[in-house]
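My questions will all concern the structure given below.
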Amino acid sequence: MKNSFLINILIIYYLFIILFVNSQDLKLGGSCELIDSNSPCFSKLNYTNFYLQPGDSITQLNKNVSDIIRMLEFTTPECKPNAINIMCLKSYPKCETYNETLSNNTNIIFNLPSLPCNSICLKAETPCKIFIDNFIKDLSCNSNFSNGAPMFPINSTDYEFKESGNFNFNVECNDNIIYDNSSSVINCPAPLLNSKDHVIPGKTTYYYITDSCILDCPFEIYPGKTKILDRTNYTLTSISFITCIFMILTFGVLPNKITHRMESILSFACGGCITALSLFIQSRQDNFNCSSDPGRFKSQSDYLCLLTGLIFQFGAITSIFWSPMIAYDFYITSTLGKIRKFGLYRIVLWSFIFVLTALPAFGGKYSATVATNCWINSDDGSAWQYVSFYIPSWCAMGLICLFSILSVINVSKMYIQTPNNRILFFNIKILITLLLFLFVLTFASSLKFYMEERMDTYFDAIAVWVECIGKGDPSQCELHAPGYDLKALNIVVIGILGFTVFIGYGLDPIVIHIWMESKKFQWVLKKCRLDKIIKLNNSINNSNNNNNETASTSSGNERKQTTVKMSNLKSTEINQQP
């Protein structure tokens, strides 16, 4: 992460330097000028007059050099002072004046630049080697001007003038620099922080812009829009949390007997509820991703970050792993069969859930990042996210697809044999729920790869922002990172995870039947003295009558209930005969 930030960001800066240097081709016929006190090189040069090329402006020259020197804050303490020396000697070359007499006794003045000595360039070559080799080869110590003259002569430069007469001048190279130790200090422009002052040895999750400058925390990728995303996320997650609580009550607390289908729905809802809980914990604290150390994002050593990371991973994997079981139950029901060895499935699923939650913790991978909350960090390119989340998600997606296709085939055959719109409506509703599962998993697992594919674009946006803050007022610089729409859609997709199961099973008439038949609910009503107001017996009878044709929705995994469904189908077929 550190090196990728460094290389991608410095490309823009050093392309800027290349453009500046290339524009400074050797042009003769210029003038000798005093070095302006506003020049950033005023205190670094041991002479007062410099050679100004024809057509150049002192004001513009000062601005260009100032911008470049500010960009050198993003190098290293070893490279910066030597690079500044080269820039100053090259941008403000010492002016040598020669007064010659022509054959007609006319005096002519030659103003010539004294170019930086090769020895000065060599002092910068080693500490700035990574930058020179990758980005500014034209500025190597062996570079030449377009007319063939060495840019950094070893001893001197020969100038020849034939138009005004046969004049040859040998001008010694210039090494009149005032060495200043203060120039080796890196001053990171706000809001960046100096790594030397803020990075704590032994602690991680710092985001380097260069070897010397790190991002401050918090850092908004989408300035001005983060609060909108947070509010949307909180609202959708709250709705999902409420529906999950309702599903837990309906299929886990109130039933007199919990069937296999109920347990699958209950487990999925518990996962959605736990996932929402991790968001609620983080939303209670402003800038939750930031540690108490300036510039450091929270890592696993911050126990609250570890806790929320574990909770989110456990909840998400729970919902993901139990969604294929819901699809499998739907398939088995469509075959009028029964799930066998459900207890074994239960043990295997929960074992994998606990292992995949704990495994990243043993690897120390739970931490916050610039773009995400506390979860599994893959900034170092490791495979922890793949092993613990994405590969299991892909397996779940494959199983959901398989069982959905098989279920559609079976339901179609069933409807052709015994047309029943109410049963068909229920089956279509479950299929829509499974499609929502697939959409959520597909989008959540593919967004990572889209973001990684666009990573260079993100780095370029950050590079432009850093270049802006390096040149002027940080308040005038705004980061324009791409992908806001996809980020917002991802929040919506993750936020409705728990709500999807409610669409398929929470709106079914069997829910009323479960509540009205529940002995626990009856006990609560009796304790609250509401049993005389709410007539359960009549409600139960009405519910039974309304659900007579859809009795298959209650379990599909019990032999007795399968028999009821078959009887109802036969009864429906008889009633529909003329």
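Backbone N, Cα and C atoms are what each Cβ position is placed from, and that goes for glycine too.
Not measured: the values here are computed from a predicted model.
Look at Swiss-Prot and you will find 563-578 tagged as compositional bias 'Polar residues'. Among the features that Swiss-Prot reports, disulfide bond is placed at Cys32-Cys95, Cys41-Cys88, Cys79-Cys128, Cys121-Cys141. The N-linked glycosylation site annotation in Swiss-Prot covers Asn46, Asn64, Asn99, Asn104, Asn144, Asn155, Asn181, Asn233, Asn289, and the record cites sequence analysis as its basis. The topological domain 'Extracellular' annotation in Swiss-Prot covers 24-233, 283-305, 363-388, 444-490 and rests on sequence analysis. Marked as topological domain 'Cytoplasmic' by Swiss-Prot: 255-261, 327-341, 410-422, 512-578. Annotation source Swiss-Prot lists transmembrane segment at 234-254, 262-282, 306-326, 342-362, 389-409, 423-443, 491-511.
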Per the 3+ Cβ pairs under 8 Å rule, pairs at least 6 apart in sequence, do the transmembrane segment (234-254) and the transmembrane segment (423-443) touch?
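Between the transmembrane segment (423-443) and the transmembrane segment (234-254), which are separate recorded stretches, there is no contact, as judged by 3 or more close Cβ pairs.
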What is the total of other Cβ atoms whose distance to the Cβ of Asn104 (N-linked glycosylation site) is within 10 Å?
6
Would you mind listing, in sequence order, the residues at least six apart from Asn155 (N-linked glycosylation site) in the same chain with a Cβ closer than 8 Å to its Cβ?
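Listed in sequence order, they are Cys117, Glu172, Cys173.
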Under a criterion of three or more Cβ pairs within a distance under 8 Å and sequence separation of at least 6, are the transmembrane segment (262-282) and the transmembrane segment (389-409) in contact?
no
State the three-class DSSP label for Cys95 (disulfide bond), counting H, G and I as helix, E and B as strand, and everything else as coil.
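Once the DSSP labels are grouped into three classes, Cys95 (disulfide bond) ends up as strand.
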Whose Cβ, among the disulfide-bonded residues Cys95, Cys141, has more other Cβ atoms within 10 Å than any of the rest?
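The residue with the densest Cβ neighbourhood is Cys95.
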So which of 306-326, 389-409, 423-443, 491-511 has the most C-beta pairs under 8 Å when paired with the transmembrane segment (342-362)?
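Stretch with maximum Cβ contacts: 306-326.
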Where does Cys41 (disulfide bond) sit in DSSP terms: helix, strand, or coil?
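Cys41 (disulfide bond) sits in coil per DSSP, no helix or strand.
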Looking only at the topological domain 'Cytoplasmic' (327-341), how are its residues distributed among DSSP helix, strand and coil?
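Summed over the topological domain 'Cytoplasmic' (327-341), the classes give 8 helix, 0 strand, 7 coil.
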In whole Å, note down how far the CA of Cys128 (disulfide bond) lies from the CA of Asn233 (N-linked glycosylation site).
46
